[in-house]
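Student: According to Swiss-Prot:
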ACT_SITE  108  active site
BINDING   12, 107  Mg(2+) binding site
DOMAIN    8-189  domain 'UmuC'
SITE      17  site 'Substrate discrimination'
């Protein structure tokens, strides 16, 4: 554990896009609802409400598949400008309590309230106040996790969803990590989980007791990362947007995909709108230098392509996708990511858009 005990809050809006639609249209509140593309245009689901999730509908699922699982599903097109506006209102609420805010997307953020004087510095009371403000002012619900380290705050925010709060106090960190199923740790996907299980590793305590060198040999960076997390160590700071050199979004598929068309649907209908929204919200005045695509294959090999391009353009990602898939070699795809490198405010620096520790 770090010497300085931090107070980290992870706030995650509940089914954000769908929740905004239900708020603005009462007729949607009691039905299975999804925001996404039309099945006739080979659309994909961006998000869905909890009624739809009961039928197995999930984000990034083809709309046609979602309708097979839930024939009564009502699919509406996204209103990104509205979601951006609501996200800005949420950010304004965050700023009442701390300036150390790391937005992860329109509906999710880390907050470091270690030095906040609100509510006598109680992170639990601050998290409760944030959730209350969001409900009273925006008529939307948020879930939150509080912990001394980032990854546990994120894990905790999912434990009492929807509209819940979960607090991990410093003295409970190791106990929670020991009992935590590895699939609950951010960055552990389906294929990695199978390999971990084959090695006899199921919960944090299994990793903590494992030999570090063997973990590193078998699992590389993932093994090193899991070993640290299993000891309650996560040294990452809450990084504010003004410190960022790039903006990126990515998605790990619940089932691997293989074709260009499948990749392009997800880029066009999910990843690109999210990247555009995040860029315009966080950095409306800063230009970009490069666009890039990252692909992780089923064998966990990863490749990226980034080219100089001075404006965010969907068509340019089409070109990059064509180029990056020449490296596919028949492999299925488990993750897609898009990124742009921002133009520095003071001087140009030669930095990779996909830093080794930024996309895990």
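The first residue you see is number 1, and the count goes up from there.
Even glycines carry a Cβ here, placed using N, Cα and C.
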Student: Round to the nearest Å and give the CA-to-CA distance linking the residue listed as 'active site' with residue 12 (Mg(2+) binding site).
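Tutor: Distance (Cα to Cα, whole Å): 5 Å.
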Student: Highest CB neighbour count within 10 A among the recorded positions 12, 107, 108?
Tutor: 107
Student: Name, in the order they occur in the sequence, the residues of the same chain whose CB lies under 8 A from the CB of residue 17 (site 'Substrate discrimination') and which sit 6 or more residues away.
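Tutor: Sequence-distant Cβ neighbours: 35, 46, 47, 78, 83, 107.
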